[in-house]
Structures are given as C-alpha cells and as structure tokens.
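Visitor: OK, TrEMBL features for this one:
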- 21-45: transmembrane segment (TRANSMEM)
- 30-318: domain 'Sugar phosphate transporter' (DOMAIN)
- 65-84: transmembrane segment (TRANSMEM)
- 96-114: transmembrane segment (TRANSMEM)
- 120-145: transmembrane segment (TRANSMEM)
- 181-201: transmembrane segment (TRANSMEM)
- 213-232: transmembrane segment (TRANSMEM)
- 247-267: transmembrane segment (TRANSMEM)
- 301-320: transmembrane segment (TRANSMEM)
Amino acid sequence: MRRPAMGGTVETSASNNAAAVYKKIIVSYTYVAVWIFLSFTVIVYNKYILDRKMYNWPYPISLTMIHMGFCSSIAFLLVRVFKLVELPVNNMTRELFLSSVVPIGALYSLSLWLSNSAYIYLSVSFIQMLKALMPVAVYSTAVLLKRDAFNSKTMTNMVAISVGVAIAAYGEARFNLSGVLLQLGAVVVEAIRLVMIQILLNSKGITLNPISTLYYVAPCCFVFLSLPWLLVEYPVLRATSSFKLDFLVFGTNSTAAFLLNLAVFLLVGKTSALTMNVAGVVKDWLLIAFSWSVIMDMVTPVNLLGYAVAFVGVCFYNYAKLQTLKAKEAQKLQQSAIDEEVGLVKQKPERREEILASSQKDDTES
C-alpha cells in the first residue's frame, strides 16, 4: 500500500493556517476601518451641526436627546417588534435595573451633554487632544474605587500623558476655558461610567450587546436630559422657533450615531478593547489632520508637540496593557497544564484499582 507523502500534508496544513491568519487580519482591519469611519463621521457631523459658524444649531442637549430618542426607537423595534435581539431576561431584574442601569444611564447622558457642548467652543483637533486624558481618568478612577491596583510605572505614564495634554493646551491658539472645562468634565464622567459598568454590571455576570444596551440605557438618558432641556434650551428654542428640524440632516446624523454603537460592539467583540484603543489613536491623528486641512482649524507647533508627548504616553500605556494581557494568558495556559497533569496523577491510583479489581474478577470466574 502506498502511503501519502507527509510533506504534502504538512504544507497543506501550513497553507490553510496562513490563509486563516490572513483572513482574520483582513476582517480585523475591516472592523477597525468601519469604526474609524463612523466615529470620524459622528464627531465631524456633530461639530458641523453645533458650531455657530457652520450649521449654527448650538443646542447640545437637544441634539443628544434626538440621538437617544432615535436609538431608543430602533432598539425597541429590533427587540419588541421584530424580535431580532434577545434580552437578558433572567438576569435583568427591576432591582438591578434601578441600581445599575439607571446610574449608568445618568452618567452617560451627562457625558454626552458635556462632550457635545464642548464642540460649540473648541476645535475638533483640540478636543481630540484633550480626549488623550481618557486613560488617565479611567486608571485614576479605577484606583480610587479599588478596581485596580496602584502601580508607580503606570502612574508615571499617566503623568507623562497629562504633561503632553497640558503642553497642547498651552499652545492652543483659540483656547476657551468654558470649552476645556466641559470637555474635561466629559472625560471624567465617561471614565466613571466605564468603571461603574465593571462594578455594577460585569461583576454580576451581566453583559449587554449594543442593541440591548441602547434598549435599557437610551430611554434613561432621554429622561435624565429632559429636565435640563426644559430649563436651559426649551425657552430659547421656543423663542427662536427652532423646533423645525431638517430631517435629512438630523436623520442621517442620528443614523450615524446608531451605527457607531454597532461598530463599537463588532470591533470589541471580534477583536479586543485594546485594538479599539490603538485604532482610536489613529483616528485622533486623522481628525487632527482633517480639522487643520479641511475645517481650517488652527493647529500650532506647540499643539502638535504636546499631543506627540501624550501620543507616546498612550502608545506606551497600550503596549503595557498588551504585555499584561499576554502574561495573564500565559499564566492561564500554564495553570491549565498543571491542572491537567495533576488530574492525570490522580487518575493513576484509580486506574490501578480498576485493573486490580478486573484481575480479581477474572481469577474468581476462572
């Protein structure tokens, strides 16, 4: 009998593995590209609508409520009408909703309100530079709430990022204190929200996809924003008769915001949160270039120097996280191998007893 050539089998296996790797890389980069495009679109679109020199509709609470109302409606249709998405019915109790989802919705509404308000006062490029402080805010919040251990090297990295952002702020040609305070407030609130998701939901075994998240959170955001809207923007809108919306502009803007939520889920679900962080750095540079070349925002050399320092700090932070994840994965594999070896050792005496019992049975029968 003629045996098949082993070399051909090995080459075929290697070729299949290489094809699978290339396919995974292409899919990952596709998700990254889609997320960058949608995030880019939403940011620039919001700036266009809110900026007084462009579309001139400076009502950030109203814009956020339009987004939340649109997302709530689409999520309701997908969950309740078309039943395309299932909810964690067994885990999402009324008590959990009130104690976890409602606070997260309140934080999310405040974060969106503050970040959208900043577009009225600051350029897109400078806002992206200020957003580089997000790792600092998340790490500091996690340490304060005892969700993460203090590490001197990580804190040094956080200080470097902060110094870089401070330099960028110092070099900002159109510095506006109100806008900076709004954006920094948005960063802090968003950091608290991300940590609270870990505490209030993930630690209890609750994981939500973007549709179910919008189904629960978007109506909460809408309700929480309604009170400041009635007090702050409703009187102005009523006096200026600005209730007539351009459905093409606001419809496409809301659709882009909804699709961005789906893109975030796909990117994190199919790759990792770390990939999203790295892609975010690329997106920030693209937005800075777009803001300078197309919108004609002024970007100074000091701006770029400061953001470059923060950029290096963020890259180092992502690299450190990657190394930590690799170390944890290696530790899991090592522990799994040890457990398997211990299990085999434990099985040996039991196997001896089975063999001895079988031998005694054979002797008795004979």
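Using N, Cα and C of the backbone, Cβ positions are placed for all residues, glycine too.
What you see is a predicted model, and the numbers here were worked out from it, not measured in a lab.
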Visitor: In the same chain, which residue numbers or ranges, 6 or more beyond the ends of the transmembrane segment (96-114), come under 8 angstroms Cβ to Cβ?
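Guide: Same-chain contacts beyond the flanks: 60-61, 64, 67-68, 182-183, 185-186, 189-190, 192-193, 196-197, 200-201, 204, 206, 216-222, 224-225, 228.
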Visitor: What residues in the same chain, six or more past the boundaries of the transmembrane segment (181-201), come closer than 8 Å to it by Cβ-Cβ distance?
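Guide: For the transmembrane segment (181-201), the list is 99-101, 103-104, 107-108, 110-112, 114-115, 117-118, 121-122, 127, 130-131, 133-134, 137-138, 140-142, 145, 147, 207-208.
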Visitor: What stretch in 120-145, 213-232, 247-267, 301-320 has the biggest tally of Cβ pairs under 8 Å against the transmembrane segment (65-84)?
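Guide: Answer, by Cβ pair count: 213-232.
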Visitor: Using a Cβ cut-off under 8 Å, which residues of the same chain at least 6 positions beyond either end of the transmembrane segment (301-320) come close to it?
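Guide: Residues 125-126, 129, 132-133, 135, 153-154, 157-158, 160-173, 274, 277-278, 281, 284-285, 288 contact the transmembrane segment (301-320) from elsewhere in the chain.
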Visitor: Taking only the residues in the domain 'Sugar phosphate transporter' (30-318), give me the average pLDDT of this model.
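Guide: Within the domain 'Sugar phosphate transporter' (30-318), the model's average pLDDT equals 90.
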